[in-house]
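K.L.:
Just dropping this structure here.
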Amino acid sequence: MSDGKLIVFSAPSGSGKTTIVQHLLKHKELNLEFSTSATSRAPRGEEKDGQHYYFLSLEDFKKKIKNDEFLEWEEVYRDNFYGTLKSEVERIWAEGKNVIFDIDVVGGLDIKNIYPEKTLAVFVKPPSIEELKIRLKKRKTETDDKISMRVAKASIELATAPQFDFIIENHHLGTALKEAYDLVASYVGVKNENKDE
Ligand code: 5GP
């Protein structure tokens, strides 16, 4: 279909993968475009439809599942569906770009299984579950209940790390960003120049 590559960043919520993905997107030489996922959860804070997510009603999300419009989808939390639309990946490939994903571990491994020869799957590991809890609390975007739900899920997610191509331990953000840059630059075949930025 295309020569574009797929770069997956997966991790428990609060591990810092979104920061890493946003950092990589600033490096134009990597020729990356973000795969905007669809979700049935409500927008948080400043989130905009079509930019952070395509926000769909639960009903519309289920309709798209039925119509086979998703490359992968997952009920990440109860009644909160997330998925990658086939049309999103096709659009980015048609632009001649590589696709970068910020998705949960199950979705990440699904993509790797669908396109094994053109996917780099990276797992971002938080320093500890305790630290994860602190980060989620600091973020102040979820209720205590939701934080507990995310922390409980994190332990299960951590067990999938060995199935990824690489694991980045996010103890120190600067080091994690550099490591991520190096991995992606090498995978997409870019000479490693701007990694310190
Ligand atoms: P949040 O609600 O914090 O934005 O995302 C919750 C979780 O859903 C995160 O782990 C996020 O990476 C994941 N997620 C976002 N988009 C997708 C997607 O398209 N597919 C899957 N499987 N998970 C996703």
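Here the Cβ of each residue, glycine as well, is placed from N, Cα and C on the backbone.
Among the features that TrEMBL reports, ATP binding site is placed at Ala11, Pro12, Ser13, Gly14, Ser15, Gly16, Lys17, Thr18. Per TrEMBL, the feature domain 'Guanylate kinase-like' maps to 4-185.
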K.L.:
What binding-site residues among Ala11, Ser13, Gly14, Lys17, Thr18 have a C-beta sitting less than 6 Å from any atom of ligand 1?
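P.N.:
Cβ < 6 Å from ligand 1, in sequence order: Ser13.
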K.L.:
Ser13, Ser15, Thr18: which of these binding-site residues has the highest Cβ count within 10 Å of its own Cβ?
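P.N.:
Result of the Cβ crowding comparison: Ser15.
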K.L.:
Starting from the Cβ of Gly16 (ATP binding site), draw a 10 Å sphere and report how many other Cβ atoms land inside it.
P.N.:
22
K.L.:
When the pLDDT values for the domain 'Guanylate kinase-like' (4-185) are averaged, what is the result?
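P.N.:
Summing pLDDT over the domain 'Guanylate kinase-like' (4-185) and dividing by its length gives 93.
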